[in-house]
Amino acid sequence: MLFRGLSLWMLFLASCLSALALPAAEDDGSVKVFKRAKKHSTKQEGPSYAPYYVDCPSDNIVESLSSNEIPSAESEYLSTRSTITNTAMKDFLRNANLPGLNADTLSGSEGPSIGIALSGGGLRAMILGSGALSAMDARHDNHTVLTGLLQASDYLVGTDGSAWTVGGIALNNFSTINDFSKLWAFNHPLMYPKSAIVFNAHFYSSIMNEVAEKANAGFNISLSDYWGRVISRTLGDTTYGFPNVSLSSITSQEWYRNANFPYPIITFATQNYGEDISNVNTTFFEASPNVFGTFDHGINSFIPTEYLGTTLNNGASSNGSCVINYDNFGFMMGASSTYFNKIMRNFNDSSTKNGRIIQQYLKGNFSENGQQIISIPNPFQGVESANSDAANNLGSSSSLNLVDTFLTGEKIPLWPLLQKGRDVDVIVAVDNGDDSEWLWPNGNSLVQTYERVVAAQAAGNTNVKGFPYVPSQQSFVSLHFNDRPVFFGCDGRNTTAGNHTVTRDTPPLVIYLPNVPYNYFTNISTDRTYYTEDMIQQLLTNGLISSTVDNDTYFGQCFACAVVKRTLERNNITASPECQQCYYNYCWSGLYDDSAANDDIVYNPTCRLGEGI
């Protein structure tokens with residue numbers, strides 16, 4: 001009787017899934033839905049993934065900025081946060097215990113502004129980046145040489161897997177990594193979350209039903225809707241995956257209202273269907289709990305994240321209605337990691353009828369070509385400044401095509417931190433990328449950002465500060481800059497911005513922290529979607545050890561010297577002898593080594609502390 005009942009139940013679920021079949025994908029890769037939601041449709045009872053409509057708060061919801069401005073909500077957040085960062089900066093500098101470094105003089109309104117950028121790279125980058133953040137968090141149980149850096153920072157930026165870190169801790173009351181990691185559900189492949197067939201059958205039907213709610217409400221759907229439903233179930237709500245929780249809802253949390261932690265940002269790029277993606281020509285978009293938009297190409301426009309998904313023309317809705325809950329937390333995490341759409345489309349679970357149905361449905365309705373692209377309503381259609389982005393037709397197109405920034409080659413999301421209005425002095429660039437043959441970082445992400453900055457400056461982009469000079473990708477490996485921390489841009493007068501007096505507009509100093517194997521071989525494929533508990537702990541530990549050079553006191557002191565370098569330069573203060581020695585040891589001297597003899601160098605390191613320590 002048990003097996004007969006089970007079979008009938010599974011057949012019922014399968015029939016439900018079959019009833020959800022939707023029209024085939026159009027050329028833009030999304031599934032078109034012809035049933036439109038009514039203007040005054042109301043919020044549904046109970047948790048629902050479907051967006052819905054409300055009255056718009058004003059006639060125009062696009063915030064157009066002047067050059068060097070930042071969105072008003074972000075400015076207010078940072079103003080509230082300044083008292084916290086000033087105190088935290090003093091604590092961080094004092095903890096360095098470095099002679100000649102006056103914490104009171106080097107903090108306050110003229111003190112450093114720090115941005116932390118975590119690279120993408122799937123679950124590998126999420127876990128390793130989380131380990132690095134734990135080393136910087138004053139709430140962490142064990143003191144490290146970077147303790148308090150997180151509290152002293154203004155920005156925290158993620159993309160792809162690191163967007164899951166940034167978004168996940170932000171949604172969970174900016175929890176500690178120790179608490180956040182207890183919520184993870186990675187011990188089975190994300191598409192096969194349990195060993196029990198019955199559970200997985202229900203899992204597949206739930207995902208299909210949830211996305212169908214969005215389609216039935218009149219909104220186009222994409223592979224990222226399905227992928228977002230999967231990834232959100234691993235970040236704190238394993239049963240339902242936050243179906244009616246939005247990214248913008250984070251603004252109501254107490255930590256956010258009090259600006260207790262860095263301003264969180266996740267990034268996206270653009271790609272047109274049928275075209276190759278280029279890190280130089282793509283437009284980078286960003287989302288925070290407050291706003292979604294871009295500084296690129298002189299567009300300088302943002303909308304409240306809360307109203308993402310609204311069809312606008314020149315900032316106004318034609319019928320006065322705005323969309324709510326399109327910025328579903330899971331969808332935004334999925335949209336920032338469209339690299340994984342291929343895994344979503346190509347997964348194969350034939351152990352359940354529901355698994356076979358969803359597998360056939362995704363392959364039948366979403367083309368492999370352009371599968372990494374998602375199309376959303378373009379909130380900047382008709383906005384005058386958007387016409388400057390002719391390559392993406394941003395001013396005239398009704399759709400905005402987004403992809404994973406990871407796919408541009410700029411795997412460390414530095415671009416938001418290079419905007420002049422943000423006044424970032426130093427960027428902590430945590431590189432958990434997989435660019436080398438053996439899946440280790442090789443400096444390529446910094447080279448890609450440098451090339452993009454040079455192209456942007458040549459095109460007359462006045463928003464971007466510029467960037468430090470960096471060595472070639474070949475030199476990164478041949479000179480071992482990818483297996484130890486390196487400071488780039490130590491001389492603020494010698495950057496792509498040219499020789500000038502150092503000000504807040506000077507390009508930031510970049511502290512490069514590559515993934516190095518200390519206790520574990522962390523060169524794991526980005527495509528891997530499950531980790532054992534032991535692997536998670538090993539990666540968290542390696543992320544902490546790698547970012548602190550095995551908690552080396554001298555490195556911590558030199559890190560503090562790097563943090564205050566722009567402040568010293570702006571105020572014409574001579575660095576202490578101790579800091580000068582640090583700059584000699586850690587700053588890139590401008591040395592290159594592109595000799596042909598290095599063409600075949602393969603970076604394949606060993607564990608520095610022994611595997612499993």
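The backbone N, Cα and C atoms fix where each Cβ goes, and this holds for glycine too.
Lifted from Swiss-Prot, the feature list:
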SIGNAL    1-21  signal peptide
DOMAIN    55-593  domain 'PLA2c'
CARBOHYD  N142  N-linked glycosylation site
CARBOHYD  N220  N-linked glycosylation site
CARBOHYD  N244  N-linked glycosylation site
CARBOHYD  N281  N-linked glycosylation site
CARBOHYD  N319  N-linked glycosylation site
CARBOHYD  N348  N-linked glycosylation site
CARBOHYD  N365  N-linked glycosylation site
CARBOHYD  N494  N-linked glycosylation site
CARBOHYD  N499  N-linked glycosylation site
CARBOHYD  N523  N-linked glycosylation site
CARBOHYD  N551  N-linked glycosylation site
CARBOHYD  N572  N-linked glycosylation site
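If you take the Cα of N494 (N-linked glycosylation site) and the Cα of N551 (N-linked glycosylation site), they are about 31 angstrom apart, rounded to a whole number.
According to its DSSP assignment, N551 (N-linked glycosylation site) is coil. Cβ neighbour count within 10 Å across all protein chains ranks N244 highest among the glycosylation sites N244, N499, N572. Annotated pair N365 (N-linked glycosylation site) and N220 (N-linked glycosylation site), C-alpha to C-alpha distance, rounded: 12 Å. Cα of N551 (N-linked glycosylation site) to Cα of N220 (N-linked glycosylation site): a distance of 49 Å. Each residue contributes its Cα atom, and for N142 (N-linked glycosylation site) and N244 (N-linked glycosylation site) these two points are 36 Å apart. Once Cβ contacts within 10 Å are tallied over all protein chains shown, the glycosylation sites N220, N281, N348, N365, N551 are led by N220. A coil conformation is recorded for N348 (N-linked glycosylation site) in the three-state DSSP classification, outside any helix or strand. Here N319 (N-linked glycosylation site) is positioned 34 angstrom away from N281 (N-linked glycosylation site), judged by their C-alpha atoms. Taking N572 (N-linked glycosylation site) as the reference point, none of the glycosylation sites N244, N319, N348, N523 has a C-alpha atom within 10 Å of its C-alpha. Take the Cα of N523 (N-linked glycosylation site) and measure to each of the glycosylation sites N220, N244, N319, N348, N499: the nearest one is N348. Comparing N319 (N-linked glycosylation site) with N348 (N-linked glycosylation site), their Cα atoms are 43 Å apart once rounded.
When pLDDT is averaged over the domain 'PLA2c' (55-593), the result is 93. Rounded to a whole number, the distance between the Cα atoms of N244 (N-linked glycosylation site) and N220 (N-linked glycosylation site) is 17 Å.
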